[in-house]
Amino acid sequence: MDRHDTMDFTNEPLSKKRRFLGDQGDSDHVAGGPSSSPQFSAPPSSPPRKKLLQDPNSEVQPRVSKDADHNDDDDDDDDDDDEERPRFFTDDGTLTPHATKICAPWLNDMPKPDPRKGYLLKDVDTPIATPRDVAPPVVESPQLAFDKDTFEAFVGEKVASDILHVISKNCGNNIERAVNMYLDGTWKKLHRAPPVRVNSHSPLVVGGQSPKKSSTSQARSRSHAQAQPQPQSNTPTKVLPSMPDARYVGAFGVEGWATRSGTGLLRHGDSVKIERQKIQPPTVARKGQTKPGTPQSIPRVSAAAAKRVDVIVRFNDASGRELGRLAKDTANWVSTLIDQNICRFEGICVYAPERLRTNETVFLQLKCYMLRSAFLGRTLQLADNRAAGFHEKDETTEEKDLRLRQVALVRLFQEINIVPSRGNAAAAKDARKDLLEAADSAEKKAMDKAKAGDHNTNGLASPPEEAEEGQELEQDQLDALYKKAQSFDFSTPEAEPANTFAMTLRPYQKQSLYWMLAKEKNQRTEDRETSMHPLWEEYVWPTKDHDDKDLPVVPDQPCFYVNPYSGDLSLDFPKQEQHCLGGILADEMGLGKTIQMLSLIHSHRSEVAIKAREAGPTSVNNLPRLPTVSGQKTTIDAPCTTLVVAPMSLLAQWQSEAENASKEGTFKTMMYYGAEKNVDLVTMCCEANAANAPDVIITSYGVVLSEFTQLATKNGDRLSSRGLFSLNFFRVILDEAHNIKNRQAKTSRACYEIAAEHRWVLTGTPIVNRLEDLFSLVRFLRVEPWNNFSFWRTFITVPFESKNFVRALDVVQTVLEPLVMRRTKDMKTPDGQFLVPLPPKHIEIVDIELSEPERAVYDYVFNRAKRTLFDNMQAGTVMKAFTSIFAQILRLRQSCCHPVLVRNQEILADEEEANMAADVAAGLADDMDLQTLIERFTATTDDASKTNNNFGAHVLRQIRDEAVNECPICAEEPMIDQAVTGCWHSACKKCLLDYIKHQTDRNEVPRCFQCREHINIRDIFEVIRHDDDLETSSTPGASPEPRISLQRVGANDSSAKIVALISHLRTLRQEHPKMKSLVISQFTSFLSLISSALTRHKISFLRLDGSMSQKARAAVLTEFQSTNKFCVLLLSLKAGGVGLNLTSAKRVYMMDPWWSFAVEAQAIDRVHRMGQEDEVRVYRFIVKQSVEMRMLRVQERKKFIATSLGMMSDEEKKMQRIEDIKELLSSD
């Protein structure tokens, strides 16, 4: 007899109805403890029961859904009326007369139960959207004793005596349990299974071995076992040797809706399969073919892909035919658990209409099983290092999966009503609420971005190299954050460096050394009690399922652990790791961060390094064996070596300072860059080679990234590379650590993976302009729990973006305070002295007046940019066209430096080629040595040109001998700034130029004032006497003669800034023949033009920019430091903004302004820093009545707004950006 043919939902035995409903009632029962009888309730978020219990003559209206799949074979049934079915309960929860009649034999003497309230989800603040406002009836049932006749009346057939004996023996004298055991066949297993008992008070030992456990975890296991009630029956418990493929964790009720129509498709008690269709992983569109072995970057989630997210979860019958789908609210998170191989689900129908219609509501109970794969670690992945836009906050696929995983786990535990077995349940509830709010915030941000499309709403900052995230901090907020970090206690004890350190530290440096030593030596004692990691939660595996049946147990695995912030699961106890043994040295630039770290390296060595140093060199016969790797160890210890990661331009400086700060023979440094990388670091730095291991390895961020990329292609096999990631260093130091401020960049990810006992970062700006800048440093330092981005986002980012600034900034200050040591140059000691007594620094603005040709070019670019702004303002598209307007403003700034920078380079090259050809034909050049010209003219033997050459030679000799000669135009004697025409006639430079202008103004072709030959401005040469070269003469006893040259008039006048610079440098060379200077510009093409001018004027110079190799940079810096002659260093703003020590220079020339003066100040501080002994003068070249003057005004106004108005809304910021653009393109 098929039980489905004899029973329906309304007149079925109470025990059969109860066993298919969820175990939601008792928290003790859900957590794993037994209950006297199983509890049940309606599915989640069901409305009042009376809506389900409709009039027998009424018809249930189906929902309308676009996604419904109709079964055409059953369409004929849809036209029939519903059968009238007897009601089992009234609206107030009491039994109907029909039910009373059926149950009279055993309910006459029973007390009437109270109505049961509808089921509501616990710990869920927002109601779940359900497809229908219906719910199955719910009622409490009294417990009945087992009786043979009553039992057979319930099951509807005679039962053999041996079966009755087994059931009565194992049902605990409970008729409900007896009926359930008979109907689901449990009695058969009990009849055959051998009795196996488990002692819940002590863990079982499988295979004769038991894993070692700490005293704390053993005590925890004992207390947990004692808290578990003993089973009420003698049902045997199955013992598993290890974690099975899937393990039961709980059950819960859900709603679904049918996608088929027909009779008998789904009935109460039927099992259904919960399935997902296979989804395709996102692909990255790339041009061309990807090379084999190239690691794939994590794809970013596009707006279109975000809209196509498939969360459909289907329930199918045993044959695989789809019957319906889960409600969307439930499917949202159930689909995530299935897709990410965290859980699998089994379904049982609780309620379905006898004749099912499309879109009709079905109630299911889902049993959830945690998969073993969910407890396995995740593999190493790369991040996308490309910038998708200005300050774009794209969410990577990995981060989206993490967010969905977090929400899914939290919702699952809420549904099955499982709570942590350790810790404060109320605190856990609040933390989950905050985590869901953070996830909702991230989801809302992603949706807003998808709606916004590609609209560019960026500020006036220059385009960054990497996509950044988070709201920008205003200046007053930054000041508030640094206030605590900079409240330095001058009473801090001092520490003396080791005797191998060759330098003398200042008092404030000795105090920081004491602080750093204290941070590194704060080791956790071995006997300290092991505590659980604060981000993890402990949960107890259930020992009974929703039917109150015993579940299989795994010895020594009574609990599992969940990190709701990272979505990780573990079967092992997550220990609280030792807190950060390092920190952030954030002293302002010029206070000697490098020297302080070197003193730490000398003063704190590992025990292995100390013993190796005391033992001295080891003989070959006594060399220890090289290490072998066993077990799960992935790196080899390098107990004697500190790794320093710095920008490429600072590698040589680190090596030089490390050698200078160490006594001879006490310190070994190694450069790990370029050709020097061809070494086996594992063999060189391992403990077996401690006596010969380098004390410091210096490498660049680029090398770290390169080896990290290779590591990813090898699936994270660290030891195979024998490089940086194969070692666990004693210490790692990141210099200029703001290079890793973007947590999503590959460089940042690579640095996070460096293994080291102690971790330090050096930066003058821990927070550049976003709170996420600090998070990246905290993650590198591995500061628990803040290095978890989900935790950071929950307690810092979301409150800040929700305008709860006080809470967010207070939390950040608590993070900063124990980690950061920061001093500034304007700090004073208690006796009123500056920390570092530096010589004065004077900054002077040099006003530059553009020449007429330059002004013409500038006005053309200015009018075009202004017209573009006006057109977009009229159309209301200023922010859309911001990139175009910004590019035109950039061209405007370049025109202030040199008109050539904004001209078409191909046309310019053609013009220069034509001019050079004309000069070759005439024997002329921009810069000609007078003596060479005389010798050339004298050596001419051609009779046709001999006369002219003799005259030219005669004129040149007069110039050389300074023969008295008056100007033929103004009669001034001697001539003022003597100039020579191409036909070798002389006059005052100003007179000659005015004479030519007078003729061109009258539209006449200029002619020579003496011989009437045609002349032009390119044929006018100025006589230059190089008096400043006298001191370079090396001939002893000879009277020095100045070098004389003829330079084409206007060759240097094409740029007013270059003319001013040359004038300053020539004057400086006359006054200080051995002084060194810096010339800084953000445009490397402008530096090339300056270098040409310096060459023409015989001014010695060197150049350093980002295009140079590390060896070339090191050579330039060494030469600049060692030369004792007048020298100029041409420096690009980016290359000179970090880390360099250029105290040998005394003058700084800033050729063009940057958007923020703080960037210029970084470059200036390369000169004005500790070690500078002379006064420093800075000259900022600013063109009058230009965009450069207005840039300075915008900077000042923005500082005022930041400090006086504080945080502005997004709309206010947008308006401010437009005002900034208007200001830049306004007319003075």
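Keep in mind that glycine also has a Cβ here, set from the backbone N, Cα and C atoms.
The region 'Disordered' annotation in Swiss-Prot covers 1-96 (among others).
What Swiss-Prot lists as compositional bias 'Low complexity' is 34-43.
Summarising the annotation, Swiss-Prot assigns compositional bias 'Acidic residues' to 70-83 (among others).
Among the features that Swiss-Prot reports, region 'Disordered' is placed at 194-242 (among others).
Marked as compositional bias 'Polar residues' by Swiss-Prot: 211-237.
For 280-302 (among others), the entry in Swiss-Prot reads region 'Disordered'.
The compositional bias 'Basic and acidic residues' feature in Swiss-Prot is assigned to 445-454.
The region 'Disordered' annotation in Swiss-Prot covers 445-474 (among others).
Look at Swiss-Prot and you will find 465-474 (among others) tagged as compositional bias 'Acidic residues'.
Under the heading domain 'Helicase ATP-binding', Swiss-Prot lists 574-784, citing sequence analysis as support.
For ASP587, GLU588, MET589, GLY590, LEU591, GLY592, LYS593, THR594, the entry in Swiss-Prot reads ATP binding site. Under 8 Å, Cβ to Cβ, and six or more positions away along its own chain, GLY590 (ATP binding site) finds LYS825, VAL836, LEU838, ASP1165, HIS1168, ARG1169, MET1170. GLY590 (ATP binding site) falls within neither a helix nor a strand when secondary structure is assigned with DSSP, and so counts as coil.
For the motif 'DEAH box' (735-738), the DSSP counts in helix, strand and coil order read 2 helix, 1 strand, 1 coil. As annotated by Swiss-Prot, motif 'DEAH box' applies to 735-738.
If you look up Swiss-Prot, you'll see 967-1012 marked as zinc finger.
Under the heading domain 'Helicase C-terminal', Swiss-Prot lists 1060-1216.
A mean pLDDT of 88 is what the model gives for the motif 'DEAH box' (735-738). Residue environment of ASP587 (ATP binding site) contains 25 other Cβ atoms, counted within 10 Å of its Cβ in all protein chains. The ATP site is defined by ASP587, GLU588, MET589, GLY590, LEU591, GLY592, LYS593, THR594, and by the 8 Å test on Cβ atoms against their centroid, the other residues of the chain that qualify are GLY764, ARG1169, MET1170. Here the zinc finger (967-1012) has, by DSSP, the following mix of helix, strand and coil residues: 13 helix, 7 strand, 26 coil.
In this view, MET589 (ATP binding site) is surrounded by 23 other Cβ atoms within 10 Å of its Cβ, with every protein chain counted. All protein chains included, GLU588 (ATP binding site) registers 19 other Cβ atoms within 10 Å of its own Cβ.
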